[in-house]
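As given in TrEMBL:
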type	residues	note
REGION	1-50	region 'Disordered'
COMPBIAS	1-47	compositional bias 'Gly residues'
TRANSMEM	60-86	transmembrane segment
TRANSMEM	106-124	transmembrane segment
TRANSMEM	131-149	transmembrane segment
TRANSMEM	161-184	transmembrane segment
TRANSMEM	191-213	transmembrane segment
TRANSMEM	219-239	transmembrane segment
TRANSMEM	288-304	transmembrane segment
TRANSMEM	324-342	transmembrane segment
TRANSMEM	354-373	transmembrane segment
TRANSMEM	379-403	transmembrane segment
TRANSMEM	415-433	transmembrane segment
TRANSMEM	445-467	transmembrane segment
Amino acid sequence: MAQRGAAGGEGEPGTGTGNGTGSGEGNGNGTGNRTGNGNGNGNGAGSGAAAPFQPPEGGFGWVVVFAAAWCNGSIFGIHNSFGIIYTMLQSDLGEGENDPALEFKTAWVGSLAMGMIFFCSPIVSIFTDRIGCRTTAALGAAIAFIGLLSSSFTKSLEVRYFTYGILFGCGSSFAFQPSLVILGHYFKRRLGLANGIVAGSSCLISVPLPFFLKMVGKAIGLAHTFQVLSALMLIQIFLSMTYRPILPPSCDSQHDGQEKPGSRSLRQQCWSQMRKYFNLRVFRRKTYRIWAFGIATAVLGYFVPYMHLVKYVEKEFKETKKDWILPVCLGAMSGLGRLVSGRIGDCIPGLKKIYLQVASFVLFGIMCMMVPQCRGFEAVIVICLFLGLCDGFFTTIMAPIAFELVGPMQASQAIGYLMGLMAVPMTAGTPIAGYFNDYFGNYHAAFYFAGVPPIVGGLVLSVVPLVHQRMLQKQRLDSGKDKMLAPEAVVNGELLPGCPASEAHI
């Protein structure tokens, strides 16, 4: 570890550090250039110590914010508008009147696409760390483009399971996740604001896109509608090229290839490669484990209102003409919540940001349980406003909390594994609510069920800052014995996630 000015250890010839107790004379400029000669130790006392990395907090970063905003808006705008595509798919098949299970079969097209975003997230983290944000995002946008475009050349539902459900869903995951990670290269103090702008953009497209699809779909048909939507992904391919990393590769990555494989057994070499690509170090942190478990618990009932509110008001209040107001209210308030929570999150130091998630989950759960108490359609609209606001607060603050918990070096893995854990409960929640509706004959039990997991998950998340404080106290006590639990600061010259050696900008 000689090239890290702040880390102790034996130096190597010509690296600017060495053995002994003297001061180092290496040449370090903060960008990984340490080529001078010198004697001394690696305690960081000499002039060879590089300054800690500081994001530019703007500049070209705002171009990256725009590219990430387009990515979030186009991807989730299309996914959130599947209700319109759903009806167009049924009309396009033609034989719907003869197939009583057509609605169930057609729903799987959109369900597969949404599920792939979360199921692929751990794999996307690996690609992001190994080949970079720029390449991963461009590859994902290209796959999503191919999926949407190829969906326009077939009328087979089974083929669209693959083209729209698998290809578009998988491509969306690969394009979306790097847009969160790359922001950590350019922002730290304003990271919450940047995330708020990016996350809020999805609502700016999600709200008008259903009306656009309804008009365009009637005029040009489903096939040409898929082609129009694919243009959004085509633009994203070029915007992904702006995801330029700003740190050079770490010394560890430079020495990876210098290790002699012959000195280890085949089993050890395989295990080493597995650990390199499937990095589970984030789970060593107790705070991350608690945080991930709390969120996975909370999202069990998270999508129930999004899927069943329209059906609920149709069944309870016989409201079919104004039911479109509910998703519009959810989307509009979610956008407002994302913009506001990003700025608020920047003002809250450290892990205290988690309390925003705690409040949003608890309020979300209470609002879900109040839906059966509504005696009119207007009351449901008010609840939708609060539900959308809670969604905005939860979504925006997720990435900044990941950076706080595990640091920027492991943020990509942390976000990926978290979304992977969210996949199963998020997918299972709506069918469970549907079962309650079939069993009891109404949605009352379904919404009571939907409110419990967010409240429980929020209470679990409230423990994270307390556990973190205890860990810091123990860390201070053990600091004299060099038993640091987990370094929170970025090591000088090391690699931020999504910045491989092939893309390092020196």
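Using N, Cα and C of the backbone, Cβ positions are placed for all residues, glycine too.
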Contact call for the transmembrane segment (60-86) against the transmembrane segment (379-403), three or more Cβ pairs under 8 Å: no
Any contact, the transmembrane segment (445-467) to the transmembrane segment (288-304), with at least 3 Cβ pairs under 8 A: yes
Closest-packing stretch to the transmembrane segment (161-184), where packing means Cβ pairs under 8 Å, from 131-149, 191-213, 415-433: 131-149
Contact between the transmembrane segment (324-342) and the transmembrane segment (379-403) (3 or more Cβ pairs under 8 Å, separation 6+): yes
Intrachain neighbours beyond the transmembrane segment (288-304), with Cβ under 8 angstroms and 6 or more residues off its ends: 282, 354, 357, 361, 364-365, 368, 398, 401, 405-406, 414, 417-418, 421-422, 424-426, 428-430, 433, 446-447, 449-454, 456-458, 460-461, 463-464, 467
